[in-house]
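Chemist: Let me begin by handing over the structure; questions about it come next.
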Amino acid sequence: MIDNRIFNFNAGPAALPLPVLQEIQSSFLNFDGSGMSIIEISHRSSWFDAVINDAVERTKRLLGLDDGFHVLFVQGGASLQFAMAPMNFLTNGRSADYINTGTWSTKAINEAKILHKNYSVVASSEDKNFSYIPKDISFNKDAAYVHITSNNTIKGTQWHAFPDTNGVPIVADMSSDFMSRPLDMDKFGMVYAGAQKNIGPSGVCMVILKKEMLDLATDEIPTMLRYATYASKNSMYNTPPCFGIYTIQLVLKWLEETVGGLEKMEAHNIAKGKMLYDFINNSDFYRTTAAPDSQSLMNVTFRLPTEELEKTFVEKATARGLGGLKGHRSVGGCRASLYNATTMEAVEALVNFMQTFEREN
Ligand SMILES: *Cc1c(COP(=O)(O)O)cnc(C)c1O
(Lines of atoms letter the chains of each structure in order from A and count residues from 1; the text may use other names and numbers.)
(Lines give C-alpha, C1' and ligand atoms only; values in the text may rest on other atoms or scores of the structure.)
Protein backbone atom coordinates (compact mmCIF):
# COMPACT_ATOMS: atom_id res chain seq x y z
CA MET A 1 0.00 0.00 0.00
CA ILE A 2 1.29 3.45 -0.95
CA ASP A 3 0.48 6.59 1.06
CA ASN A 4 -2.42 5.03 2.93
CA ARG A 5 -4.13 3.84 -0.21
CA ILE A 6 -6.46 0.95 0.57
CA PHE A 7 -7.08 -2.29 -1.31
CA ASN A 8 -10.07 -1.13 -3.33
CA PHE A 9 -12.74 -3.71 -4.23
CA ASN A 10 -15.38 -1.16 -5.24
CA ALA A 11 -17.81 -2.11 -8.02
CA GLY A 12 -17.73 1.29 -9.71
CA PRO A 13 -16.30 3.86 -9.76
CA ALA A 14 -13.49 1.48 -9.06
CA ALA A 15 -9.74 1.01 -8.71
CA LEU A 16 -7.55 2.43 -11.47
CA PRO A 17 -3.92 1.45 -12.14
CA LEU A 18 -1.62 3.35 -9.79
CA PRO A 19 0.83 4.34 -12.58
CA VAL A 20 -2.10 5.98 -14.40
CA LEU A 21 -3.08 8.01 -11.34
CA GLN A 22 0.55 9.01 -10.83
CA GLU A 23 0.91 10.13 -14.44
CA ILE A 24 -2.27 12.22 -14.12
CA GLN A 25 -0.90 13.74 -10.94
CA SER A 26 2.49 14.60 -12.41
CA SER A 27 1.07 16.14 -15.60
CA PHE A 28 -1.94 17.81 -14.02
CA LEU A 29 -0.68 21.39 -13.83
CA ASN A 30 1.19 21.43 -17.13
CA PHE A 31 -0.04 18.97 -19.71
CA ASP A 32 2.50 18.09 -22.40
CA GLY A 33 4.28 21.43 -22.16
CA SER A 34 1.07 23.40 -22.77
CA GLY A 35 1.36 25.35 -19.53
CA MET A 36 -2.23 24.29 -18.80
CA SER A 37 -4.03 21.38 -17.21
CA ILE A 38 -5.76 18.81 -19.41
CA ILE A 39 -9.03 20.16 -18.00
CA GLU A 40 -8.14 23.71 -19.07
CA ILE A 41 -7.17 23.20 -22.71
CA SER A 42 -9.50 23.46 -25.70
CA HIS A 43 -10.92 20.23 -27.05
CA ARG A 44 -10.19 21.74 -30.48
CA SER A 45 -6.46 21.99 -29.70
CA SER A 46 -3.74 19.78 -31.16
CA TRP A 47 -3.02 18.63 -27.57
CA PHE A 48 -6.46 17.14 -27.13
CA ASP A 49 -6.58 15.81 -30.69
CA ALA A 50 -3.50 13.77 -29.90
CA VAL A 51 -5.16 12.38 -26.75
CA ILE A 52 -8.43 11.28 -28.36
CA ASN A 53 -6.76 9.93 -31.50
CA ASP A 54 -4.29 7.91 -29.43
CA ALA A 55 -7.15 6.51 -27.33
CA VAL A 56 -8.96 5.42 -30.51
CA GLU A 57 -5.81 3.88 -32.05
CA ARG A 58 -4.94 2.00 -28.86
CA THR A 59 -8.49 0.65 -28.62
CA LYS A 60 -8.28 -0.61 -32.20
CA ARG A 61 -4.89 -2.24 -31.59
CA LEU A 62 -5.96 -3.87 -28.29
CA LEU A 63 -9.14 -5.30 -29.84
CA GLY A 64 -7.64 -6.00 -33.28
CA LEU A 65 -10.21 -3.79 -35.04
CA ASP A 66 -9.95 -2.82 -38.70
CA ASP A 67 -11.49 0.27 -40.30
CA GLY A 68 -14.91 -1.37 -40.21
CA PHE A 69 -15.49 0.00 -36.72
CA HIS A 70 -16.03 3.37 -35.08
CA VAL A 71 -14.65 4.05 -31.60
CA LEU A 72 -16.84 6.66 -29.91
CA PHE A 73 -16.98 8.50 -26.59
CA VAL A 74 -20.47 9.40 -25.39
CA GLN A 75 -21.75 10.96 -22.16
CA GLY A 76 -24.77 9.75 -20.22
CA GLY A 77 -23.19 6.49 -19.09
CA ALA A 78 -24.16 2.98 -20.12
CA SER A 79 -27.67 3.96 -19.03
CA LEU A 80 -28.11 6.30 -22.00
CA GLN A 81 -27.02 3.48 -24.33
CA PHE A 82 -30.01 1.47 -23.09
CA ALA A 83 -32.15 4.08 -24.90
CA MET A 84 -29.83 5.10 -27.75
CA ALA A 85 -29.57 1.55 -29.16
CA PRO A 86 -33.32 1.06 -29.69
CA MET A 87 -33.77 4.70 -30.78
CA ASN A 88 -31.15 4.39 -33.50
CA PHE A 89 -31.65 0.82 -34.71
CA LEU A 90 -35.28 -0.14 -34.09
CA THR A 91 -36.83 1.86 -36.90
CA ASN A 92 -39.53 0.94 -39.41
CA GLY A 93 -41.09 -1.52 -36.98
CA ARG A 94 -37.93 -3.64 -36.65
CA SER A 95 -37.59 -5.71 -33.51
CA ALA A 96 -34.69 -6.71 -31.23
CA ASP A 97 -34.08 -9.78 -29.07
CA TYR A 98 -33.10 -9.16 -25.45
CA ILE A 99 -31.62 -11.57 -22.91
CA ASN A 100 -32.40 -10.69 -19.33
CA THR A 101 -29.57 -11.60 -16.94
CA GLY A 102 -30.16 -9.09 -14.17
CA THR A 103 -30.65 -5.52 -13.05
CA TRP A 104 -28.85 -3.83 -15.94
CA SER A 105 -30.43 -6.01 -18.65
CA THR A 106 -33.83 -5.28 -17.13
CA LYS A 107 -33.14 -1.57 -17.35
CA ALA A 108 -32.06 -1.90 -20.98
CA ILE A 109 -35.30 -3.75 -21.80
CA ASN A 110 -37.32 -1.06 -20.01
CA GLU A 111 -35.96 1.65 -22.29
CA ALA A 112 -37.07 -0.23 -25.41
CA LYS A 113 -40.47 -0.52 -23.77
CA ILE A 114 -40.69 3.18 -22.87
CA LEU A 115 -39.89 4.02 -26.50
CA HIS A 116 -42.74 1.71 -27.70
CA LYS A 117 -40.27 -0.32 -29.76
CA ASN A 118 -40.79 -3.92 -30.82
CA TYR A 119 -38.70 -6.38 -28.86
CA SER A 120 -38.81 -9.86 -27.41
CA VAL A 121 -37.13 -11.21 -24.31
CA VAL A 122 -35.84 -14.50 -25.73
CA ALA A 123 -34.23 -15.76 -22.51
CA SER A 124 -34.08 -14.83 -18.85
CA SER A 125 -32.50 -16.18 -15.69
CA GLU A 126 -35.00 -14.42 -13.46
CA ASP A 127 -36.48 -17.79 -12.35
CA LYS A 128 -33.36 -18.40 -10.25
CA ASN A 129 -32.71 -14.87 -9.09
CA PHE A 130 -30.39 -14.20 -12.07
CA SER A 131 -27.76 -16.59 -10.71
CA TYR A 132 -26.86 -18.10 -14.10
CA ILE A 133 -26.36 -17.33 -17.79
CA PRO A 134 -29.08 -18.90 -20.00
CA LYS A 135 -28.13 -21.53 -22.60
CA ASP A 136 -29.74 -22.98 -25.77
CA ILE A 137 -31.56 -19.83 -26.75
CA SER A 138 -33.50 -19.53 -30.01
CA PHE A 139 -33.22 -16.17 -31.68
CA ASN A 140 -35.46 -14.42 -34.19
CA LYS A 141 -33.55 -14.42 -37.44
CA ASP A 142 -34.93 -11.07 -38.58
CA ALA A 143 -34.06 -9.21 -35.35
CA ALA A 144 -32.08 -5.99 -35.77
CA TYR A 145 -29.82 -7.03 -32.90
CA VAL A 146 -29.55 -9.29 -29.86
CA HIS A 147 -28.88 -7.38 -26.63
CA ILE A 148 -26.86 -8.98 -23.84
CA THR A 149 -25.06 -7.84 -20.68
CA SER A 150 -21.66 -9.54 -20.86
CA ASN A 151 -20.97 -9.26 -17.12
CA ASN A 152 -23.63 -8.80 -14.48
CA THR A 153 -21.98 -6.53 -11.97
CA ILE A 154 -24.65 -6.96 -9.29
CA LYS A 155 -25.47 -10.68 -9.66
CA GLY A 156 -21.85 -11.81 -10.17
CA THR A 157 -22.37 -13.71 -13.44
CA GLN A 158 -20.54 -13.42 -16.76
CA TRP A 159 -20.88 -14.83 -20.29
CA HIS A 160 -17.86 -17.11 -20.73
CA ALA A 161 -18.68 -17.71 -24.40
CA PHE A 162 -21.02 -15.56 -26.45
CA PRO A 163 -24.18 -17.09 -27.97
CA ASP A 164 -24.49 -18.13 -31.60
CA THR A 165 -27.16 -15.77 -32.92
CA ASN A 166 -27.25 -17.02 -36.55
CA GLY A 167 -25.61 -13.89 -37.84
CA VAL A 168 -27.79 -11.38 -35.99
CA PRO A 169 -25.36 -8.77 -34.60
CA ILE A 170 -24.95 -8.72 -30.82
CA VAL A 171 -25.21 -5.41 -28.99
CA ALA A 172 -23.47 -5.87 -25.66
CA ASP A 173 -23.33 -3.85 -22.48
CA MET A 174 -19.73 -4.63 -21.43
CA SER A 175 -19.50 -1.95 -18.75
CA SER A 176 -18.00 -4.22 -16.14
CA ASP A 177 -15.72 -6.50 -18.19
CA PHE A 178 -14.66 -4.41 -21.19
CA MET A 179 -10.92 -4.82 -21.89
CA SER A 180 -10.65 -7.58 -19.26
CA ARG A 181 -10.10 -10.24 -21.96
CA PRO A 182 -9.58 -10.46 -25.72
CA LEU A 183 -12.73 -9.92 -27.76
CA ASP A 184 -13.65 -11.26 -31.17
CA MET A 185 -15.77 -8.45 -32.57
CA ASP A 186 -17.04 -10.54 -35.52
CA LYS A 187 -20.29 -11.38 -33.73
CA PHE A 188 -20.89 -7.85 -32.45
CA GLY A 189 -22.65 -4.92 -34.04
CA MET A 190 -21.96 -2.72 -31.04
CA VAL A 191 -20.26 -2.88 -27.67
CA TYR A 192 -20.60 -0.19 -25.04
CA ALA A 193 -19.05 0.31 -21.64
CA GLY A 194 -19.44 2.98 -18.97
CA ALA A 195 -15.80 3.76 -18.21
CA GLN A 196 -15.97 3.81 -14.43
CA LYS A 197 -15.79 0.04 -13.92
CA ASN A 198 -12.70 -0.99 -15.81
CA ILE A 199 -11.19 1.73 -18.01
CA GLY A 200 -11.50 5.16 -16.44
CA PRO A 201 -13.56 7.62 -14.41
CA SER A 202 -17.32 8.12 -14.61
CA GLY A 203 -18.78 10.56 -17.10
CA VAL A 204 -17.81 8.83 -20.33
CA CYS A 205 -19.06 5.72 -22.08
CA MET A 206 -17.05 4.01 -24.78
CA VAL A 207 -18.96 2.72 -27.80
CA ILE A 208 -17.48 0.43 -30.46
CA LEU A 209 -19.81 0.44 -33.43
CA LYS A 210 -19.63 -1.61 -36.63
CA LYS A 211 -20.01 0.62 -39.67
CA GLU A 212 -22.70 -1.64 -41.20
CA MET A 213 -24.72 -1.17 -38.05
CA LEU A 214 -24.50 2.61 -38.40
CA ASP A 215 -25.93 2.30 -41.93
CA LEU A 216 -29.18 1.05 -40.35
CA ALA A 217 -29.48 3.96 -37.92
CA THR A 218 -32.13 6.62 -38.30
CA ASP A 219 -31.38 10.33 -38.40
CA GLU A 220 -34.89 11.27 -37.28
CA ILE A 221 -33.88 11.65 -33.67
CA PRO A 222 -32.18 14.54 -31.84
CA THR A 223 -28.59 15.23 -32.90
CA MET A 224 -26.97 14.26 -29.61
CA LEU A 225 -28.75 10.88 -29.63
CA ARG A 226 -27.55 9.83 -33.08
CA TYR A 227 -24.52 7.58 -33.31
CA ALA A 228 -23.82 9.21 -36.67
CA THR A 229 -23.16 12.53 -34.93
CA TYR A 230 -20.36 11.02 -32.85
CA ALA A 231 -18.98 8.97 -35.76
CA SER A 232 -18.76 11.91 -38.16
CA LYS A 233 -17.22 14.34 -35.63
CA ASN A 234 -14.66 12.08 -33.89
CA SER A 235 -16.88 12.31 -30.76
CA MET A 236 -16.48 16.10 -30.70
CA TYR A 237 -19.76 17.47 -32.04
CA ASN A 238 -20.03 19.17 -28.65
CA THR A 239 -17.47 19.46 -25.86
CA PRO A 240 -16.47 15.90 -24.97
CA PRO A 241 -15.61 14.70 -21.43
CA CYS A 242 -11.93 15.61 -21.90
CA PHE A 243 -10.62 14.41 -18.55
CA GLY A 244 -12.38 11.06 -18.85
CA ILE A 245 -11.04 10.47 -22.36
CA TYR A 246 -7.53 11.40 -21.22
CA THR A 247 -7.72 8.92 -18.33
CA ILE A 248 -8.97 6.21 -20.69
CA GLN A 249 -6.04 6.94 -23.00
CA LEU A 250 -3.61 6.39 -20.10
CA VAL A 251 -5.37 3.18 -19.02
CA LEU A 252 -5.15 1.85 -22.58
CA LYS A 253 -1.46 2.77 -22.70
CA TRP A 254 -0.96 0.89 -19.43
CA LEU A 255 -2.82 -2.12 -20.89
CA GLU A 256 -0.65 -2.15 -24.01
CA GLU A 257 2.75 -1.18 -22.66
CA THR A 258 2.81 -2.33 -19.03
CA VAL A 259 0.43 -5.30 -19.01
CA GLY A 260 1.28 -6.37 -22.56
CA GLY A 261 -2.19 -6.71 -24.11
CA LEU A 262 -5.54 -8.35 -23.43
CA GLU A 263 -4.32 -11.97 -23.42
CA LYS A 264 -1.94 -11.14 -20.58
CA MET A 265 -4.68 -9.15 -18.85
CA GLU A 266 -7.04 -12.11 -19.09
CA ALA A 267 -4.43 -14.52 -17.68
CA HIS A 268 -3.93 -12.18 -14.73
CA ASN A 269 -7.68 -11.85 -14.18
CA ILE A 270 -8.12 -15.64 -14.31
CA ALA A 271 -5.36 -16.08 -11.72
CA LYS A 272 -6.94 -13.52 -9.37
CA GLY A 273 -10.44 -14.99 -9.75
CA LYS A 274 -9.16 -18.55 -9.27
CA MET A 275 -7.43 -17.63 -6.04
CA LEU A 276 -10.60 -16.18 -4.52
CA TYR A 277 -13.07 -18.76 -5.90
CA ASP A 278 -10.81 -21.68 -4.88
CA PHE A 279 -10.66 -20.31 -1.37
CA ILE A 280 -14.44 -19.80 -1.13
CA ASN A 281 -15.19 -23.21 -2.67
CA ASN A 282 -12.99 -24.92 -0.07
CA SER A 283 -14.68 -23.13 2.79
CA ASP A 284 -17.85 -24.14 4.65
CA PHE A 285 -18.20 -20.61 5.97
CA TYR A 286 -18.38 -18.60 2.73
CA ARG A 287 -20.45 -19.53 -0.32
CA THR A 288 -20.73 -18.03 -3.79
CA THR A 289 -24.13 -16.94 -5.12
CA ALA A 290 -23.62 -17.53 -8.87
CA ALA A 291 -23.87 -20.93 -10.60
CA PRO A 292 -20.37 -22.45 -11.03
CA ASP A 293 -20.45 -22.29 -14.86
CA SER A 294 -21.55 -18.65 -14.86
CA GLN A 295 -19.32 -17.06 -12.23
CA SER A 296 -17.82 -13.68 -12.98
CA LEU A 297 -14.09 -13.02 -12.83
CA MET A 298 -14.86 -9.34 -12.31
CA ASN A 299 -17.44 -9.33 -9.49
CA VAL A 300 -17.23 -12.19 -7.00
CA THR A 301 -20.50 -12.24 -5.05
CA PHE A 302 -20.60 -14.31 -1.87
CA ARG A 303 -22.51 -14.85 1.36
CA LEU A 304 -21.58 -15.62 4.95
CA PRO A 305 -23.67 -17.81 7.29
CA THR A 306 -25.76 -14.85 8.57
CA GLU A 307 -26.49 -11.24 7.63
CA GLU A 308 -25.13 -10.21 11.02
CA LEU A 309 -21.77 -11.79 10.21
CA GLU A 310 -21.78 -10.14 6.78
CA LYS A 311 -22.18 -6.76 8.44
CA THR A 312 -19.29 -7.41 10.85
CA PHE A 313 -17.20 -8.82 8.00
CA VAL A 314 -17.55 -5.65 5.92
CA GLU A 315 -16.86 -3.42 8.95
CA LYS A 316 -13.74 -5.29 10.01
CA ALA A 317 -12.45 -5.52 6.43
CA THR A 318 -12.90 -1.77 6.00
CA ALA A 319 -10.99 -1.15 9.23
CA ARG A 320 -8.13 -3.29 7.85
CA GLY A 321 -7.91 -1.31 4.60
CA LEU A 322 -10.00 -3.64 2.44
CA GLY A 323 -12.70 -1.40 0.97
CA GLY A 324 -15.87 -1.82 -1.08
CA LEU A 325 -16.83 -5.37 -0.05
CA LYS A 326 -20.51 -4.73 0.64
CA GLY A 327 -22.86 -6.34 -1.91
CA HIS A 328 -25.18 -4.14 -3.98
CA ARG A 329 -28.02 -2.81 -1.83
CA SER A 330 -30.58 -4.66 -3.99
CA VAL A 331 -29.13 -8.13 -3.26
CA GLY A 332 -27.21 -7.82 0.03
CA GLY A 333 -24.32 -10.12 0.90
CA CYS A 334 -20.75 -9.35 -0.07
CA ARG A 335 -19.01 -8.60 -3.35
CA ALA A 336 -15.35 -8.27 -4.25
CA SER A 337 -14.81 -6.55 -7.58
CA LEU A 338 -11.55 -7.69 -9.17
CA TYR A 339 -11.23 -5.38 -12.15
CA ASN A 340 -8.06 -5.04 -14.24
CA ALA A 341 -6.41 -2.62 -11.82
CA THR A 342 -6.94 -4.84 -8.77
CA THR A 343 -3.61 -6.48 -8.00
CA MET A 344 -2.83 -10.05 -6.97
CA GLU A 345 -1.48 -8.52 -3.75
CA ALA A 346 -4.97 -7.13 -3.03
CA VAL A 347 -6.60 -10.53 -3.61
CA GLU A 348 -4.03 -12.21 -1.34
CA ALA A 349 -4.73 -9.65 1.37
CA LEU A 350 -8.46 -10.33 1.01
CA VAL A 351 -8.06 -14.12 1.22
CA ASN A 352 -5.83 -13.74 4.29
CA PHE A 353 -8.42 -11.56 5.95
CA MET A 354 -11.22 -14.00 5.05
CA GLN A 355 -9.25 -16.90 6.58
CA THR A 356 -8.70 -14.99 9.81
CA PHE A 357 -12.35 -13.90 9.98
CA GLU A 358 -13.55 -17.47 9.45
CA ARG A 359 -11.27 -18.74 12.23
CA GLU A 360 -12.45 -16.08 14.66
CA ASN A 361 -16.15 -16.68 13.97
C1 LIG B 1 -22.64 0.16 -13.76
C2 LIG B 1 -23.31 -0.49 -14.90
C3 LIG B 1 -24.22 0.20 -15.70
C4 LIG B 1 -24.63 1.64 -15.42
O5 LIG B 1 -23.64 2.47 -15.90
P6 LIG B 1 -23.80 4.07 -15.86
O7 LIG B 1 -22.54 4.49 -16.55
O8 LIG B 1 -23.88 4.48 -14.43
O9 LIG B 1 -25.01 4.43 -16.63
C10 LIG B 1 -24.80 -0.45 -16.76
N11 LIG B 1 -24.49 -1.72 -17.04
C12 LIG B 1 -23.61 -2.43 -16.30
C13 LIG B 1 -23.31 -3.84 -16.66
C14 LIG B 1 -23.00 -1.83 -15.21
O15 LIG B 1 -22.13 -2.52 -14.46
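Just so it is clear, glycine is given a Cβ too, placed from its N, Cα and C backbone atoms.
Automatic prediction, not curation, is the source of TrEMBL annotations.
Quick paste of what TrEMBL says about this protein:
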type: BINDING; residues: Arg44; note: L-glutamate binding site
type: BINDING; residues: Ala78, Ser79, Trp104, Thr153, Asp173, Gln196, Asn238, Thr239; note: pyridoxal 5'-phosphate binding site
type: DOMAIN; residues: 6-350; note: domain 'Aminotransferase class V'
type: MOD_RES; residues: Lys197; note: N6-(pyridoxal phosphate)lysine
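How buried are the listed features, and what sits near them?
Modeler: Arg44 (L-glutamate binding site) falls outside any helix or strand according to DSSP and counts as coil. Here Arg44 (L-glutamate binding site) comes close to Met236: these same-chain residues lie at least six apart in sequence, with C-beta atoms under 8 angstroms from its C-beta.
Asn238 (pyridoxal 5'-phosphate binding site) falls outside any helix or strand according to DSSP and counts as coil.
When secondary structure is read from DSSP and collapsed to three states, Lys197 (N6-(pyridoxal phosphate)lysine) falls in the coil class.
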Chemist: Near Lys197 (N6-(pyridoxal phosphate)lysine), which of the binding-site residues Ser79, Trp104, Thr153, Asn238 can be found within 10 Å, Cα to Cα?
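Modeler: Near Lys197 (N6-(pyridoxal phosphate)lysine), where near means Cα within 10 Å, the binding-site residues are Thr153.
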Chemist: Which binding-site residues from the list Arg44, Ala78, Thr153, Asn238 come close to ligand 1, meaning a Cβ under 6 Å from one of its atoms?
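Modeler: What lies within reach of ligand 1, judged by Cβ under 6 Å, is Ala78, Thr153.
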Chemist: Among Ser79, Thr153, Gln196, Asn238, Thr239, all listed as binding-site residues, which has the most CB atoms within 10 Å of its CB?
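Modeler: It comes out as Thr153.
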Chemist: Once near-sequence residues are set aside, which residues in the chain of Asp173 (pyridoxal 5'-phosphate binding site), 6 or more away, have Cβ atoms under 8 Å from its Cβ?
Modeler: Ala78, Gln81, Phe82, Trp104, Ser105, Ala108, His147, Ile148, Thr149, Ser150, Tyr192, Ala193
